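Below is one structure, written out as structure tokens, with a few remarks after it.
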Amino acid sequence: MTAIWIAIAALSALALAFGLVLGYASRRFEVENDPIVEEVEAMLPQSQCGQCGYPGCRPYAEAVSLNGESINKCGPGGEAMMLKLAEKLNVDPQPLEGDADIQAPARHVAWIDESNCIGCTKCIQACPVDAIIGSTKAVHTVVSDLCTGCDLCISPCPTDCIELRPIAPTPANWKWDLDTIPVRVIQVERHA
């Protein structure tokens with residue numbers, strides 16, 4: 001019985017020693033990050049879709065903040081994201097990458113033909129935002145509110161049962177152009 005207590009005490013002392021060494025090492029060798037990179041990364045949609053040409057939002061935030069990369073490459077963020085980045089980084093807004101005439105392309109979401117889905121889960125593994133639900137050997141479904149339309153789930157599908165479909169505009173997702181709506185300003189008298 002005493003051998004068990006000796007083993008427990010020895011392992012506890014060893015764990016404490018390793019904890020102290022790791023704690024010291026984390027403070028001693030800490031790498032300081034640029035706060036602007038953290039702020040830009042927090043502004044990005046975190047879809048990790050790769051449409052910007054970078055493997056995720058963090059590398060794109062580093063490229064925009066430190067290397068002067070174009071701020072118009074975030075597809076899921078769209079024009080609103082580009083304007084926020086321009087304001088944050090004190091640069092001029094740029095037209096969205098792609099066709100200059102198309103300012104806001106129609107939003108697309110993935111759609112699964114459930115009659116052909118075999119439940120292989122390859123699309124679930126490829127989806128960077130977990131917008132596809134389902135389990136092995138069961139039919140999968142896309143949660144359209146979470147889908148960013150990045151099309152990363154289409155190529156791994158062995159039965160080609162996934163396609164991107166445009167979302168019809170509704171009052172909830174319509175891009176309101178508030179600058180073209182006439183506004184009448186009424187002067188109000190103030191009484192003391």
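Positions of Cβ are set from backbone N, Cα and C atoms, glycine also.
For the [4Fe-4S] cluster 2 site, Swiss-Prot records Cys117, Cys120, Cys123, and the single candidate of Cys147, Cys150, Cys157 listed with them is Cys157. For the [4Fe-4S] cluster 3 site, Swiss-Prot lists Cys147, Cys150, Cys153; matching the candidates Cys127, Cys161 against that entry yields Cys127. When the binding-site residues Cys49, Cys52, Cys57, Cys147, Cys153 are screened for a Cα within 10 A of the Cα of Cys123 ([4Fe-4S] cluster 2 binding site), the ones that qualify are Cys153. Same-chain residues lying 6 or more positions outside the domain '4Fe-4S ferredoxin-type 2' (138-167) and placing a CB less than 8 Å from one of its CB atoms are 45, 47, 49-51, 75-76, 106-132, 173. In sequence order, Cys49, Ala110, Cys123, Ala126, Pro128, Val129, Ala131, Ile132, Val142, Thr148, Gly149, Asp151, Leu152 are the same-chain residues whose CB sits within 8 A of the CB centroid of Cys127, Cys147, Cys150, Cys153, the residues recorded for [4Fe-4S] cluster 3 being left out.
Cys127 ([4Fe-4S] cluster 3 binding site) sits 16 Å from Cys52 ([4Fe-4S] cluster 1 binding site), taking the CA atoms of both as reference points. The least crowded of the binding-site residues Cys117, Cys123, Cys127, Cys147, Cys153, judged by other CB atoms within 10 A of its own CB, is Cys117.
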